[in-house]
Amino acid sequence: MGPSSTSNAGTGKPPPPPRTELDGFLAGAGHKVRSSDLHHVAQRLERLESAMVSSPSHVVSDLTSDTVHYNPADLVSWVDSLLSELTHSYHHPNNSSAPTSSTSSSSRSLPVDLDDLFAIPSAANNWLQPEMPLSQPPQLTVFTTMEEDSGIRLVHALMTCAELVQRGDLHLAGTLVDEMTALLTRINTGCGIGKVAGYFIDALSRRVSGAGSAPASPHETEILYHHFYEASPYLKFAHFTANQAILEAFEGHDCVHVIDFSLMHGLQWPALIQALALRPGGPPILRLTGIGPPSPDGRDTLREIGHRLAELARSVNVRFAFRGVAASGLEDVKPWMLQVSPNEAVAVNSIMQMHKLLGPDPSPIEPVLSWIRGLNPRIVTLVEQEVNHNQTGFLDRFTEALYYYSTVFDSLEAACPVQPDKALADMYLQREICNIVCCEGAARIERHETLAQWRDRLNRSGFRPLPLGSNAFKQASMLLTLFSAEGYSVEENEGCLTLGWHSRPLIAASAWQASPLSAAIAGGDN
Amino acid sequence: MAGSNEVNINESKRVVPLNTWVLISNFKLAYNLLRRSDGTFNRDLAEYLDRKVPANTIPADGVLSFDHVDRATGLLNRVYLRTTEGQPAWGFEELEKPLSTTEAVPVIVFFHGGSFTHSSANSAIYDTLCRRLVKTCGAAVVSVNYRRSPEHRYPCAYEDGWTALKWVKSRTWLRSGTPNDSKVHVYLAGDSSGGNICHHVAVRAAEAGVEVLGNILLQPMFGGQERTESEKRLDGKYFVTVRDRDWYWRAYLPEGEDRDHPACNPFGPRGCSLEGLIRFPKSLVVVPGLDLVQDWQLAYVEGLRKSGHDVKLLYLKEATIGFYFLPNNDHFYILMEEIKCFVNPNLNCQKR
């Protein structure tokens with residue numbers, strides 16, 4: 001280390017780089033501010049207060065009703081953006097309802113027609129710098145606070161069995177499976193802990209006996225997905241949030257191309273097509289490339305779905321072209337198959353697919369992230385389960401899954417979905433559980449990782465975050481009120497949105513863009 | 001008011017550390033944005049801006065937490081337990097056993113502040129505070145996510161507090177003490193509106209014969225129609241204004257009511273003496289010397305005394321509101337020590 005003196009009289013030495021540590025106490029309160037920035041933030045807060053006091057009251061109330069806020073964890077940016085909103089509106093009082101180039105605000109306010117929800121412009125240039133993620137301890141959570149005796153004993157037995165499996169003592173584990181199966185007969189397996197335990201016991205049984213899990217056919221998977229979509233708000237939230245971000249990213253572009261990493265039944269796209277049809281200035285030319293598994297029986301399911309979407313697009317006067325790319329897995333997709341042309345704005349959309357690429361070495365995730373970056377997309381929308389099911393230790397993984405799926409099933413029960421949606425939605429989840437518990441190596445594809453882990457990975461792979469703002473948050477919250485079940489909660493997490501059950505986030509949506517190459521070289525070396 | 005801004009800012013900056021000033025000023029300005037002059041509240045933006053943290057059953061610094069939702073009421077409680085070395089990360093087994101079979105372990109039912117309107121049990125600032133309480137006091141803490149105004153006015157918060165108290169009292173795994181003497185050793189604690197809730201829940205408990213061992217009112221939210229000297233003197237000087245206090249009371253109290261409603265002014269013209277309410281617990285009331293509602297807080301202390309109840313006043317002359325959020329000042333440590341002694345009567349604490 002060099003000399004610590006900061007005097008540079010006559011030496012020509014540059015001063016040492018600023019301390020980039022975050023203020024620990026504020027970080028604990030959820031606000032990321034560098035210690036060296038405290039004075040700056042304080043000054044800006046003072047100015048903001050003065051501006052609020054001296055502005056006419058309608059201007060200040062616009063700050064809440066119309067302005068889109070981004071990432072309140074980054075206090076500096078949040079205060080600065082409010083300040084610029086206020087001073088701009090104050091100096092251009094006649095312009096208060098017109099969008100500006102730097103920070104635009106919507107002149108619409110809720111409640112609005114559902115159709116209008118997508119057509120709200122955003123503060124398009126308010127993107128933030130990537131942040132230093134605080135390292136989070138792994139969220140190993142397993143409290144199910146049921147207090148019926150047999151429920152507790154069952155969970156205890158499950159954990160013990162999992163530990164035996166981790167130790168390799170399959171014989172003893174098998175005995176325990178039998179005991180647990182017997183225990184199951186004494187509790188209600190239609191709901192609650194009994195139901196979830198049943199699935200985990202089944203999965204353990206398969207693992208111990210070596211039977212493994214039967215892989216679902218793509219056709220079955222699609223059907224189960226569709227019913228899970230109907231029975232709960234998770235996939236709707238995913239589609240809705242991603243669409244909003246894509247819509248905003250496509251502003252000002254006349255040729256746009258969406259690449260969907262898993263088309264399924266194309267459920268996500270009618271809403272986007274309709275939103276694009278309604279956008280001020282008219283719709284762009286829309287291309288959609290849908291990736292999906294090859295159809296076995298000579299049908300071309302991808303094409304059929306493409307046809308249906310094309311019909312819809314035609315009916316709302318959106319010029320539309322569809323292309324299907326059949327591949328068994330994302331690792332088999334090559335960028336040339338997507339036929340991206342240089343003048344179009346590209347959106348890459350991945351709903352619960354990316355985690356499948358996290359398998360053992362050579363893991364395809366890096367090559368795939370690399371070619372995504374190579375497409376120079378306007379936006380990459382990523383939605384993933386908010387949990388770490390990719391831990392190497394079996395017991396850790398099992399524990400995490402037990403808690404996670406207990407919470408998901410809890411939420412489904414409260415949502416009271418109709419049959420057959422509910423039963424098939426359960427089966428959709430059961431397949432995931434089975435894969436996490438029974439499979440290893442390349443066969444284990446449900447390798448969910450948390451938002452914090454994805455942030456880390458994407459930052460390192462040359463992407464930077466595009467914050468989802470308060471607009472998306474508000475609309476997601478409204479989406480939830482369409483479901484009668486209270487208990488779902490949308491939360492803002494440093495520019496990303498999560499949907500969870502009570503206070504446990506279960507699914508996380510984020511948006512990304514390729515970082516400019518020079519960003520890798522610039523920046524402090526602290 | 002606009003002209004006196006500069007003086008106000010300089011004063012408050014002098015008495016708190018810079019990071020505290022940033023934190024509380026940020027709250028103040030955000031809250032100003034959220035309150036509407038027509039009495040409604042921008043709940044969506046409030047939830048968006050509120051920094052929340054999930055529960056964490058991996059012991060961090062000797063504390064683990066988990067959430068419990070009462071299926072019948074939808075009320076969420078976040079439970080904080082202390083852990084010891086070598087304890088497994090997943091302690092569901094512990095839910096069957098009492099906290100201790102040899103000694104009394106205090107269980108603090110905590111009501112977060114926010115003037116009945118803001119914050120949640122899983123707000124970062126309150127999650128952190130509860131964890132600190134566990135560590136310092138060796139207590140279990142149950143933080144109640146009570147329903148807030150203006151969507152849910154009086155008496156919802158008190159109802160939820162009472163429900164939470166009953167739930168806590170009936171948990172076998174929150175009991176402690178020798179087998180013959182095992183019970184849940186409950187204390188109520190809360191800051192701002194949470195302190196107000198403590199009082200009213202404690203009254204109800206006393207009337208119902210439910211034992212509460214102590215009340216901890218930290219910067220409690222009380223008021224009245226009259227404008228007191230401290231309100232006039234300190235208005236706008238240390239983050240809080242009389243105007244915003246008025247807004248929150250209007251949002252919480254039944255429509256058309258004024259601030260002499262007994263929820264707001266328990267010992268005022270429409271309140272009543274607690275004389276004779278034997279089971280009402282001892283109280284610790286903490287008053288920051290720079291809190292503009294201190295005259296009401298002191299009147300509360302006086303009201304308790306006149307009713308013959310045990311109350312200790314901790315007056316922190318140079319403390320502003322929210323001094324307890326960050327452990328970067330003496331008041332914080334004095335407070336923690338006081339609370340520790342209050343809930344652990346067997347400790348040999350220095351009498352002040």
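Glycine too: its Cβ is placed from the backbone N, Cα and C atoms.
According to TrEMBL, the protein carries these features:
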COMPBIAS  A:1-10  compositional bias 'Polar residues'
REGION    A:1-29  region 'Disordered'
DOMAIN    A:23-88  domain 'Transcriptional factor DELLA N-terminal'
REGION    A:90-109  region 'Disordered'
COMPBIAS  A:93-109  compositional bias 'Low complexity'
REGION    A:225-290  region 'VHIID'
REGION    A:304-336  region 'Leucine repeat II (LRII)'
REGION    A:438-513  region 'SAW'
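Long-range contacts of the region 'Leucine repeat II (LRII)' (A:304-336) within its own chain (CB-CB distance under 8 A, at least 6 residues past either end) are made by residues 261, 263, 265-266, 269-270, 273-274, 276-277, 283, 285-295, 353-354, 356-357, 364, 367-368, 371, 374-375. Sorting each residue of the region 'SAW' (A:438-513) by its DSSP state yields 26 helix, 26 strand, 24 coil. When DSSP labels each residue, the region 'VHIID' (A:225-290) comes out as 33 helix, 12 strand, 21 coil, counted as helix, strand and coil in that order. DSSP places the residues of the domain 'Transcriptional factor DELLA N-terminal' (A:23-88) in helix, strand and coil in these numbers: 48 helix, 1 strand, 17 coil. Mean model confidence for the region 'Leucine repeat II (LRII)' (A:304-336) is a pLDDT of 95.
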